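Reading through the structure tokens given below for one structure.
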Amino acid sequence: MPKFSCNLGFFFNSVPLLQRLEKAGAAGFCAVELAFDQYEHDPQIVANACAQHGLHVELINTPKGNWEEGERGLAAIPGKEEEFWAAFTQAVTYAKALSCPKIHVMSGVVPAAVSADACHSVLVSNLQRAVKVAHKEGLMLTLEPISTIPGYYMSTLQRAQRAIEDVDSPVLKYQFDVYHAQRTQGNLAQTLRDNKDILGHIQVAGVPGRHEPDGANEVNFPFLFRVMDDVYDGFVGCEYTPTDAANPDLSWQPAPTST
């Protein structure tokens, strides 16, 4: 069965990041995903806290840009190429300091009157530059179709596939999120199988509530976890809001398969 990491953008987020790391370790996780809060700290401070609590950092996001002005990443936004490169460079610095192997590249919200083709062109150009750095540093870059941000460019599997094909780099991969994939297309098991060659990361959440991936939602998770085992051997990120935020119930996690 999959091994699970704790997404600290969703878990324990009533307390600051360094306390979240402590809580994740105490809850029994050995790996975490970090969204944006790490950039508010010196990377070595975060790295030291992870080591103190026995945590491996599996994935971080690129910086979000100016959140108050509606930015949700910069990689596909015409006219923001310099800002993207600064953000990406910062993400690489943090990934290296945290010994984190994966960076999720946030594409951003499409500006008014800008075409999808223009965004794709900018995204590919930015990624062609970024994968050279990622390859040199031993990092994987991922693209995640997201269904919950209005106007977000990377909103479909097809856009991720197109970008990955056009960039044509072994370090650029598809990030499969059960919650977003079920909302936008369904057919989860076949999507995993069809895209196993470009699959770089998986995240889970129950649908429709985005809570625990247990029996109280529309996805057959025991079956889907077996499919994940067939096509993927990395950490699966728990990117959901626990029903009990203070004391998350992890009893839904399947027992490890004996060998």
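A Cβ is built for glycine as well, from the same backbone N, Cα and C atoms used for every other residue.
Listed in TrEMBL for this protein:
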- Glu144: active site, proton donor/acceptor (ACT_SITE)
- Glu239: active site, proton donor/acceptor (ACT_SITE)
- 22-252: domain 'Xylose isomerase-like TIM barrel' (DOMAIN)
Length of the line joining the Cα atoms of Glu144 (active site, proton donor/acceptor) and Glu239 (active site, proton donor/acceptor), in Å: 13
Residues satisfying Cβ distance under 8 Å from Glu239 (active site, proton donor/acceptor), sequence separation of at least 6: Asn7, Gly9, Phe10, Glu33, Asp177, Tyr179, Gln203, Val204, Ala205
Overall pLDDT of the domain 'Xylose isomerase-like TIM barrel' (22-252), taken as the mean: 97
Around the Cβ of Glu144 (active site, proton donor/acceptor), the count of other Cβ atoms that are within 10 Å: 24
